[in-house]
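Now, the feature entries from TrEMBL:
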type    : residues                                             : note
BINDING : GLU94, HIS97, LYS210, GLU211, ASN214, GLN228, HIS243 : chlorophyll a 1 binding site
BINDING : ARG99, LEU179                                        : chlorophyll b binding site
BINDING : ARG216                                               : chlorophyll a 5 binding site
Amino acid sequence: MEIAVGRGLQVLAFSGSSFHGMTSVAVKAINWTARTGPSLRPCTTVVQAQQRPTWLPGLDPPPYLDGTLAGDFGFDPLGLGEDPESLRWYVQAELVHARFAMAGVAGILLTDLLRVTGIRDLSVWYEAGATKFNFASTRTLLIIQLLLMGFVETKRYMDFLNPGSQAKPGTFFGIEAALEGLEPGYPGGPLLNPLGIAKDIKNAKDWKLKEIKNGRLAMVAMLGIFVQASVTHVGPIDNLIEHLSNPWHKTILQTIAASSS
């Protein structure tokens with residue numbers, strides 16, 4: 001069989017979705033002409049590119065969210081990341097908020113568990129800020145916290161503006177090697193990465209994805225804890241115990257109805 005490919009080649013690029021709508025698929029249709037013996041016939045070849053998950057079934061992600069960022073599922077309904085510099089800032093902001101949320105959720109659950117079980121005499125988490133300490137006054141602790149957090153956040157912001165600048169000798173009291181900054185938002189070294197996980201941060205996509213997923217879940221959990229405390233005026237462990245005591249009648253619906261009545 002003799003086949004000759006014509007000179008004309010037309011490529012039509014368009015986007016589609018999988019049957020279940022869980023992935024965004026880039027597809028190319030290539031139209032070409034083939035000669036089979038004495039006759040010519042048109043042919044079309046469809047090429048499917050790499051699939052990627054999206055946050056909403058059937059919705060194509062914006063072009064500036066191309067899947068290269070950790071946890072990028074094309075979610076930006078307000079178009080906040082259209083400007084590259086703004087997107088770079090939002091990535092770092094989300095990462096910091098995610099880490100604070102993970103630490104906050106762990107701290108609230110642990111201290112609430114110790115309080116409910118009677119192991120320690122602790123205040124419920126939303127009253128912890130009013131606790132008085134004998135070793136220092138509230139004003140002293142506030143000033144120390146402002147100085148320490150202000151210093152750390154300033155260093156982080158300077159590294160954001162000029163990546164790698166805060167890892168130079170003499171920029172952090174001579175202990176720069178102990179921190180070993182990997183890239184903005186991902187400090188390392190024995191102090192902040194004692195287990196040596198993801199030393200090659202450029203190829204640590206799985207670790208980055210796990211961190212941001214857990215961080216987003218923690219931010220949602222913090223929002224739930226805030227609302228729970230506002231409505232029920234108790235801690236999350238107390239809420240859990242009350243729900244488990246009567247799962248069919250102690251739910252969020254009954255709690256909201258009781259609080260509004």
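For all residues, glycine too, the Cβ spot is worked out from N, Cα and C.
Quantities reported herein were computed from a predicted structural model and do not represent experimental measurements.
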Considering all pairs of residues in GLU94, HIS97, LYS210, GLU211, ASN214, GLN228, HIS243, annotated in the record as contacting chlorophyll a 1, what is the maximal C-alpha distance expressed in whole angstrom?
32
Packing count at LEU179 (chlorophyll b binding site) (other Cβ atoms within 10 Å of its Cβ)
19
Including all protein chains displayed, how many Cβ atoms other than that of ARG216 (chlorophyll a 5 binding site) lie within 10 Å of its Cβ?
16
For GLU211 (chlorophyll a 1 binding site), the same-chain residues 6+ apart in sequence with C-beta under 8 angstroms from its C-beta are ALA70, LEU95, ALA98, ARG99
Cβ neighbour count within 10 Å, max among the binding-site residues ASN214, GLN228, goes to GLN228
